[in-house]
Every structure is written in C-alpha cells, then in structure tokens.
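What Swiss-Prot records for this protein:
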ACT_SITE  D604  active site, proton acceptor
BINDING   I488, G489, D490, G491, N492, T493, A494, V495, V496, K512  ATP binding site
COMPBIAS  1-13  compositional bias 'Polar residues'
DOMAIN    211-298  domain 'Doublecortin 1'
REGION    1-102  region 'Disordered'
REGION    430-470  region 'Disordered'
Amino acid sequence: MPQTSAWQLNDTTARPPPPPPPPGSEAGGSDGASMNGANTLPRVSKRVSAAGKTSNIPRFKRPHLPHSTRPLSAVLTSSSSPVVHRKISPSSSAPSTSSAHRRFSHLPQQHFHHHIHHNQTAVISEETLTTPRASTLNLNQTSVFPTAISQGSMPNSGTNTAEASMTSSVCAMETEGTNGDELAESRDMVSEMQRRCRIGPSGYPHLLKAKRLRFYRNGDQYFKGIQYALQSDRVKSMQPLMEDLMKTVICDSTALPHGIRHIFTIDGAQRITSVDQFEDGGGYVCSSTDAFKPVDYSRAAEPSWRLTLANRYNRHLETKKLALSVVEPCHENTDFVFPRIIKVIRNGVKPRRISRHLLNKKTARSFDQVLRDLTFVVKLDSGAIRKLFTLSGRPVLSLQDFFRDDDVFVAYGGNEKMAADDLLVASEEHKSVGSGTSSNMRRTSRRSTMPNRNESLRHDRSGSVIPDQDQQRLPPLLDEKFQLVRLIGDGNTAVVYEVIDKTNNDDRKAMKVIARENVIGKEHLIEMELAILQKIDHTFIVQLYDHWFVDDSYYLSLELIEMGDLFEHLRIVRRVPERDAVRMMTCLGQALEYIHELGIVHRDVKLENLLIVKDEFGELGVKLADFGLAAEMPKDFGVLSTICGTPTYVAPEVLNKTGYGCKVDIWAAGVILYAILVGFPPFQSSDGSEQDLFSAIMSGEFSFPSPSWDDVSWSVRHLIMCLIHTDPFHRYSAGELLNDEWMVNLGDVDPEYEEWAHRFVQSKMHVEEEQETPYEYYTSRRTSMDELSESAAVEFSYSCES
C-alpha cells in the first residue's frame, strides 16, 4: 500500500529540532496543522532563554552566510526514513552526534558540493535554528520538482536536491508503488503552495517588483513631480501611502494646504481608492480636495519655449525679429510677492475690456508665468501678451514691477505699438478700473481714496448706478403701484429706495434697482440672485416679495428694515455687550445653517449686509441681506473657485485659490463676532496695504490685545478661534456655532467651562500678546471703525475663475 501523503506545517521559529517521529507517523501527520492548500500565517512561538524563563520576543536572526555557502532549503530523497529539513552550514565545531547530522550523513557527499566542501561534515549548527523560516512543510510523496531537478546536475539519480523558500521548507520522500493520480495530485498541491508562498526555482521568495510611480500636485503646472517606488508588500493601504508622501517635497503648503487627502489618475478620470489600482510607470495627482484641476501634468517636466531676448528690456520688440530657444525654468526671487489684485486693460477700441487677476506666491513665481496667465485671461486678438505698460507710461519689465504702486496695466501684442491715447481711461472704464485711478493717472494716498464702507469684490458688475435727481422715478408700470419715499442705500451694482406699496395698505417696502448699464452681459449673475432669493424663506433673511424686468433694468421689491445695518450701528455704539452679541450671532447662525442646508453660500457676509431688527421685547437681532454674490454649491460635491467677497472678511482658502465651500461664511461670522465685541476686526493693516491684510488673513494669526479684551469672557474667545480657523475642515459649521457652550448659555457659562476655555485659548495663541500702551489703545479705539471701512477695502472689485 502506498503511503498517504500529508502536508504538515511545523513551527520552527526559534525551536529546537523535534525528535524523530515514530514509525507510521508519516501517513497521519496528526501533530501538524492541515494546510489543505491554504496559506496559513505562521505562529510566533515563545522561546526559552538559558535561564529557563519564557520570552514573547520572537528571534528573527538571519545568518550571515556568503552566497557560496548558503544551505540547501529542500532535499528530495528516496530514503525510506522521513527527512525533516533544516538549514545546513559547514561547521566543524558542531557536534556530529546531532539528530540532523544523523539524518543527512547517509547521503552521498557530492550531493552537497555546491554548498559544503568535501572535507567538511554536513551538520546543522544551533545558530542556524534561528533563521527566519516560519514553518516547515513535510511532504511524504514522490519527486516534487521533477522539471527543476532534471535540469540540474545531480550526480546520483537516486537522490534529487532542489532549493525551496527560505520561509518554508519542502521535503519529499519517494515511496514505492505510487500511482500516477497521486503523483499528479501531489504536484498540483505543491504548485499551489508554490504560488501562495511565492517559492521560486532558486529556493528564495520572489522579490516583488516595486511600482515606479510619479506624483504631481493638483493644479500645479510647474511642478515636475516626484518619483516614488511603491512596494505593495510594505504599503497595503492608502493612508500609509499618503502619510509617506506628506514627508516629501510634494506636500507644498500652497498647492496642498490641507495635506494629501485624495489621489487621482493623471487625467482625473478616476480617484484612487486602493493601492492595487496603481500601475507601474503611471502618473498620479495628489490633492487636498476632491476637485481635480485639469492641467497637462505630463509636460510639467519638459523645458518651456520662450523668446530669446538679449536682455529683459527688449520684450517690446516684434515677435518675428526674435528666435525661439529652449531655456531651463528660471527661479526668480519672489520675496517681494504678496497677494494683490491687478487690473489689465485689453488694448483696443474703447470702452475696452478690463480683466482682474490675483497675484500671490503661487501665481507669481516668475515674470514669464504671469505673462502666460495674463495671456489666457485677457485674450488679445493678436495672441500672446508681449508688452505691458502702467497708466503712467512706464513699461513692465520684471516681476517686481507688478508689486509697485501701480496696479492698472495696459496689455499689447507683439505687433501693437503704444499710443498716448491708450493710457487715458474712458469714463465708461473709470469705474471698473477703480478709485485708485485719477485723471492724471497717478495713485494718490490710499487712505484718502478708499470708500467709507467695505465694498465687495465683484466681477464686471460695477458702474455708476446713482441716477440724477430728474431720473429718480419708477417706470410707469411700477409708478402706479409704488411711491418713492427716499434713497436709503447705494452700492456697486444697485440703489435701494424706500417705497410705499399703494396696492397693499400703503405698506412700506424697499425697492432695489439694478440699472441697465449693470445688466448688459451680466444677466446670468442677476438671475442667479433672483433664483436664490425665490428659494429661501427664513425669519432672519430679508424677504423678496416680487421682481420685474422693465426697460432693461431689474426692480426687486424687498422687506424694509428701517433700523439700518450693523455697520452703522457699530459706528455709534462702538462695541456690543456679550448678551446682545449672542442674540445677533444666533440670528446669523440660524440664517447660515438654513442656506447651507440648501447648498447655498452667501460669500459676502459682513456688517453692512446684516440689518438691525428689534423684537417685541426690544431685543436686538439681525437679518441677512444682499445675495448678490451668493452661489449654489455644485451638485457633484465639488467646490467653488470664484474669488469674491470683502477683503476684511474673506477666508484664506479664497485667496489661496484652493477651492472653497460654505465654511467661508463661517469665517466671516467669526470676524463679525470679533469686531462687534471690541470695535475693530482681527485682521487689519496699519497703512491700509493689501500686503499686510492678506498676509495676516492667510497666516490666520490674530490676538486678543489688552485692555480691549480684558472684560470679554474666555468662552467667547474660544468660539472665535473655532470660527476663524485657517483649515475649513476644522472650522466650525453653522450647527456647531449654534451649539457652542457660549451660545447655548447666552454668554453665561459655568465657571469650570470658563476656566477650561481660558487654558485652551492661552495654549493655542501663536504669539504672546503684548500690552497696549495708552496711546496705542487710544488710536485703536479712534481708528477702529476706519479700519473696518478702509482696511484694504479699496474698490478692487474682482473675480477670476481658476
């Protein structure tokens, strides 16, 4: 009877050699775990020290043997006695009476001539028992690797030797009377085990080839990418991979402000969710958000073609006179770069198109980059922009010229010549260019030309809308229904009148008029505002009653709020008590929670757009107004990218152009809460410069200076820090704002919570707060409202799609 084959998995990690099995144990294999083709993980056994104490620390010591003396990993023999495989090392000092020596001593010496010299005895050293072999597979069956053995040089055909894995040893014993079916079954089982254990013909595990990948930054067309070798046996999930990539140069603070949270294929067609999806040699894009920015990443590492110039002062030469050459990417000094908005006038027939472009550390890395970006934005008929001049006639020759006093430029193509008339701004263009441009084309003092109120950053919706006295009348269709009372407000895009509704018991309402000069080409923006206003109906949002489109102008009938806005109220009272601030923030929080649940972002939450109301008990509240910049979030869970808002209240993710969502309204709410408590905003600039203001906003660093904040609770300071957080993922939502301890308890929190908030705020503040001198305190109080009205709020109405 042929012996029954059995797979035995014996744990040999740091164990002494087992005693010889009793006769007949080959067939049963009762003391081993049955494999049945499964790739069972080995157990780590406890080892016994010399002192007899048990240790749970596994011994994984790999012997340092030269390649020529590596031991055999598997032995196939025709001996009738079972063979338990152990690594064999040439050691004359090992005892020859060991059990392993007795088992291998009967084999001919030439069987080991590749691994053991003829003058040495084949023994098993005790040191070799500490090899990283996890298990021993004993196969009592006929020749296991006939193909591999037949190709080797075996002096004795009766005994065949082959190498197996270093993590598992396979031994076979040929028996008489073995039929073909059992032999085929044994070979199938061994082949399956080979595949699962990755046993190669050399006896060592296959080294899994690492996948060579290249990773890019989302939206960064100038980053060449980095090479990364992905070893699937070491990195088995996406989280460790992202953490490893975060340690490399790819994690740029501007391109990836929130780290790596998503990885896309290079074309953006697929988001990678498993390491198995990576393909060798492929390119992938790392992103902080789920919005993929389509850029030709594969060409980022290629040299760029540009005009060969003898020096930087002949860029105005005609294109045909210049040759093309390949240049390496230039690394210009950008220490002077700060976030600012420039206006570029497209040369041509007046009135000319005026584009606005944001410059920051990301978009102004070199002069050539700015020219390429402006070419895409301005879209000259003659092609690329080759020349730029300020309104004073000074040519723009370097990157630093964009960050001087002038912020209005005229763009020309290669074949266009500058004329003196080109530098004169027409009356139709003057409003779009901004108040910084005067008739003599020189900017006057920034503080003397800034508006008295914060103006929003809007896109091509500016223009003079204040009508003459003779024109302050409604069209005949509306004149029959409404009677004009007085002008109560004006802005960039509209004027607001108080009217009497003749058809409804002489109710007083507000009439918002958007003049025709602001309608042409902007109908979709106004229609979006109307569509949003028709969707919403909330107690703390100004209600839209009706609207008309007459004589190319829009007329909106709105709820009238007679007490004015919070900005004017703060100019009078200077600061608001905490109890009143709680009620105002509750009104604002409920309004924001309502519109955010509808997927609507206001994008222009500020003091001027919060109208003061009183309830029947005389308590103050606010209503949210002016949805001129409001937008609906994309249905595919994307983000918005249009740069808009008011400088004092704009969130850092808007300036960084990384995409944003509803949390920009929460940031603005935090700025408002800070301002109403002490009378000045958290981010301000001493000289009204855009550089200081935007730098402070993007850093997110602010303080609670004394003595202005001495009488303000620590719990509300904690709330402000949760609202004004540079990371929108860690910033409060509208619901969290309403559920804050300070809000729920109407400013009267428990002493324990107040103490906890005190410790929290002090631990999180970036810089030690300095005590204000009496003069500094006086000037901060005296100019606090000037900061609100003038701090970087020059009418740089802009909006640019990324």
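Heads up, residue numbers simply count up from 1 along the chain you see.
For all residues, glycine too, the Cβ spot is worked out from N, Cα and C.
Computed from a predicted structure; not experimentally measured.
I488 (ATP binding site): 16 other CB atoms within 10 A of its CB, across all protein chains.
Sequence-distant contacts (6 or more apart, same chain, Cβ under 8 Å) of V496 (ATP binding site) comprise L487, I488, G489, D490, A510, M511, K512, V513, L558. Here A494 (ATP binding site) is positioned 16 angstrom away from the residue listed as 'active site, proton acceptor', judged by their C-alpha atoms. Cβ packing within 10 Å was compared across the recorded positions D490, A494, D604, and the lowest neighbour count falls to D490. Note on the domain 'Doublecortin 1' (211-298): mean pLDDT across this stretch is 85. Note: the domain 'Doublecortin 1' (211-298) comprises 14 helix, 22 strand, 52 coil (DSSP; helix = H, G, I, strand = E, B).
DSSP gives A494 (ATP binding site) a coil state; it is part of no helix or strand.
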